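Enquirer: The structure that follows is given in the form of C-alpha cells.
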Amino acid sequence: MATYFSDNLTADQQNQVQQIIQQFQHPTLQKDLIVLNTLKKVEKGGDTLRIELQLPFAWNSGAEQLKQAVSDALLKATDCKLIKWAVAYQIATLKRANNQPAVKGVKNIIAVSSGKGGVGKSSVSVNLALALQAQGARVGILDADIYGPSIPHMLGAADQRPTSPDNQHITPIKAHGLSANSIGFLMNEDSATIWRGPMASSALSQLLNETLWDSLDYLVIDMPPGTGDIQLTLSQQIPVTGAVVVTTPQDIALLDAVKGISMFERVSVPVLGIVENMSMHICSECGHHEAIFGTGGAEKMAEKYNVKVLAQLPLHIRIREDLDAGNPTVVRVPENEISQAFLQLAEKVSTELYWQGSVIPSEILFKEVK
C-alpha cells in the first residue's frame with residue numbers, strides 16, 4: 001500500500017521524505033524501511049510534521065535511532081519545526097516449523113534451548129521476554145523446564161496460582177506485563193516433579209494448548225536443558241517459529257550447544273542464532289571486564305555451523321540478585337549496560353525471526369502501541 005501524503009506537501013517534498021527514510025541504515029535491517037512498506041502516512045499541519053510508521057517486528061530501539069538520525073533532514077525538507085512520530089506494530093505471523101497448526105492466541109513461538117544445564121538459559125529466557133516487550137511486542141513466557149521450573153520465582157510470582165474460567169482452560173499469570181505459565185505455578189515450590197518422559201511431554205503440551213494466551217506476538221518457551229527424548233519430542237510437538245541456543249564460552253558448553261543446533265535442524269526448526277551467556281565477567285566494584293571462561297568460542301562455532309551470534313551477555317551479580325528478588329534486570333534498571341544488551345538481543349531475535357521466516361498474511365493483526 002502506498003504512503004499517504006497530505007496535499008500541502010509538494011511532490012518534491014514527498015520524494016525527499018521517502019529518500020531520507022530510505023537511506024537510513026541499521027544492522028538489523030536487510031531491506032530499507034520504504035521497501036518494507038513501513039511508512040504509512042505523512043501529514044503537514046502548520047509547522048508540524050506527523051509521520052506514521054507501521055513495523056512487522058519489535059523494534060522500539062531501532063525506531064528511536066531512526067528518529068534521531070533523520071529528524072533534522074526531514075524538518076529541513078518539509079519546512080517544519082516539529083515532528084510527531086506515531087509508531088505502530090503489526091507483528092507478522094510467520095510460518096511454523098513443519099507447517100504445524102498455531103497455538104490459539106499466539107502468533108510466534110521462540111524456543112530458548114541449551115545443550116546442557118547451568119548456562120543461564122532461564123535467566124536469558126526471562127530477560128529476553130521482557131526485552132521483547134520493551135521493544136513493543138505483546139509477549140508471554142512458558143516454563144517448559146518441567147523438572148526445574150524456575151520462571152515463577154524469577155518473575156516474583158511463585159506464590160500465585162492460575163485460575164480456570166471453565167474448568168478446562170487456564171488463565172495465565174500476569175507478571176511484569178508478561179503472560180506466564182509454568183508447572184511451578186501448579187505445585188509447591190519445594191516439591192519434586194517425578195515424571196517419565198512421555199508424561200512430562202504430555203503435561204507440557206496441555207499447559208501450552210490449554211492456557212488462554214492473550215493475543216501474543218511472541219511466546220518465549222524456556223525449554224528443558226539437554227537434547228534427550230523430552231527435548232526432541234517437545235521440538236516436534238510445539239509449533240515453533242524459531243529457536244535460540246544458549247551457551248557459555250567454555251568448550252564443554254559449546255560442544256553441547258552444537259548438539260542443540262543439530263536437534264533443531266533434525267526436526268526442521270530454524271535456529272535464529274546462539275547467545276553466548278557469561279561471555280564477560282563485570283566486576284561489581286570497579287566495572288572491570290574479564291573473560292574468565294575464555295573468548296572466541298561462540299564466533300568459531302557460529303562460523304563453522306553457519307549460525308549467527310545474537311548476543312554476548314555478561315556475567316554480573318546484579319542479574320542473579322534481580323532474578324532472586326523476582327524483579328529482573330530489564331525491568332528493574334532498563335537503562336543500564338546489562339539491560340541494553342538484552343534489548344539488543346530482543347531486537348535481533350525479532351528481526352532475525354522475520355527475515356528467516358515466511359509471513360502468513362491471513363494471521364496478521366494490527367496493534368497500536370504508542
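Cβ coordinates come from backbone N, Cα and C, glycine included.
Summarising the annotation, Swiss-Prot assigns ATP binding site to GLY115, LYS116, GLY117, GLY118, VAL119, GLY120, LYS121, SER122.
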Enquirer: Beyond the listed site residues GLY115, LYS116, GLY117, GLY118, VAL119, GLY120, LYS121, SER122, identify every same-chain residue whose Cβ lies within 8 Å of the center of their Cβ atoms for the ATP site.
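Expert: Not counting the recorded site residues, we get SER114, PRO225, VAL246, THR248, ALA253.
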Enquirer: Per DSSP, LYS121 (ATP binding site) is which: helix, strand or coil?
Expert: helix
Enquirer: Please state whether DSSP places LYS116 (ATP binding site) in a helix, a strand or coil.
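Expert: Going by the DSSP assignment, LYS116 (ATP binding site) belongs to neither helix nor strand, so it counts as coil.
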Enquirer: Tell me, if you would, which residue among GLY115, GLY117, GLY118, GLY120 (binding-site residues) has the fewest other CB atoms within 10 Å in the structure shown?
Expert: GLY118
Enquirer: Just to verify: the residue among LYS116, LYS121 with the fewest other Cβ atoms within 10 Å, which of the binding-site residues is it?
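Expert: Checked LYS116, LYS121; of these binding-site residues, fewest Cβ neighbours within 10 Å: LYS116.
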Enquirer: When you measure from the Cβ of VAL119 (ATP binding site), how many other Cβ atoms are you left with inside 10 Å?
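Expert: A count of 23.
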